[in-house]
Amino acid sequence: MSDNSLRLVWVYPDLLSTYGDQGNALVVERRARQRGLDVHRVDVRSDQPIPTSGDIYLIGGGEDRPQRLAAERLLRDGGLERAVSNGAIVFSVCAGYQILGKAFVNDVGQRQEGLGLLDVETVRGEGDRCVGDVLADIDPRLGLPQLTGFENHQGITHLGPTARPFARTVMGRGNGTGDGTEGAYNDTVFGTYMHGPVMARNPLIADLLLKLALDVNALPPVDDRWYEALRAERIATATQPA
Ligand code: GLN
């Protein structure tokens, strides 16, 4: 972070924004502006280099073929790895999450190398696709209330020893391994299967990223009554008997 300005990078919207994940960029932007930050958002298409001086990077979900192309281009570019070694924060969803891991199985059934920013590896699930509402208790160290989201993925993600589960599912499949974990994170890199888009449903995740970027423990409060009402409605709907 330099002075009062936040550099927000949305990675590859042309390939990885099938599921409304642009909402995450809008929420981070808005919540940063509400705290008086001057936000510079850059949307980086897959034919452009990834800037290495961003503060927060967002990478969304996508279908299998665009996911393969995005992983190839990101690996060739190398900018995201450099940004992380400069201290940047990365938040990724679904296909983006799988790409940040060590490897995933791509649309042509091959094991494809990921960026290795998270100690996870994704295989192709043999069973039904994981689709539906998710309720998950976030890692208590991150200090946020129960999350709500929507998942839609075939991949099953196994966590290695240096990846912490982002959350534990109360409802939904999460990483799909049957151990109740959802997503993964290390110090500054986060991955989740929750769409929604997840920050529109859980804006306190955006605040978590802002606190990390600003290196502060708290942010000035904002009026969250509308979000609280929506959240209560989502939880009530998700837990209603069918
Ligand atoms: N293609 C991946 C899977 O099905 C990711 C899907 C997504 O981003 N929603 O596992």
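The chain as shown is numbered from 1 upward.
Cβ from N, Cα, C; glycine included.
Listed in sequence order, Tyr19, Gly60, Gly61, Gly62, Glu151, Asn152, His153, Thr192, Tyr193, His195 are the same-chain residues six or more apart from Cys94 (active site, nucleophile) with CB atoms under 8 A from its CB. If you look up TrEMBL, you'll see Cys94 marked as active site, nucleophile.
Taken from TrEMBL, the feature active site applies to His195. If you draw a 10 Å sphere around the CB of His195 (active site), it holds 24 other CB atoms from the protein chains shown.
Marked as substrate binding site by TrEMBL: Arg129. The secondary structure of Arg129 (substrate binding site), as reduced to three states from DSSP, is coil rather than helix or strand. Long-range Cβ contacts of Arg129 (substrate binding site) within its own chain (separation 6+, distance under 8 Å): Asn152, His153, Gln154.
Annotated domain 'CobB/CobQ-like glutamine amidotransferase' per TrEMBL: 8-202, in sequence order.
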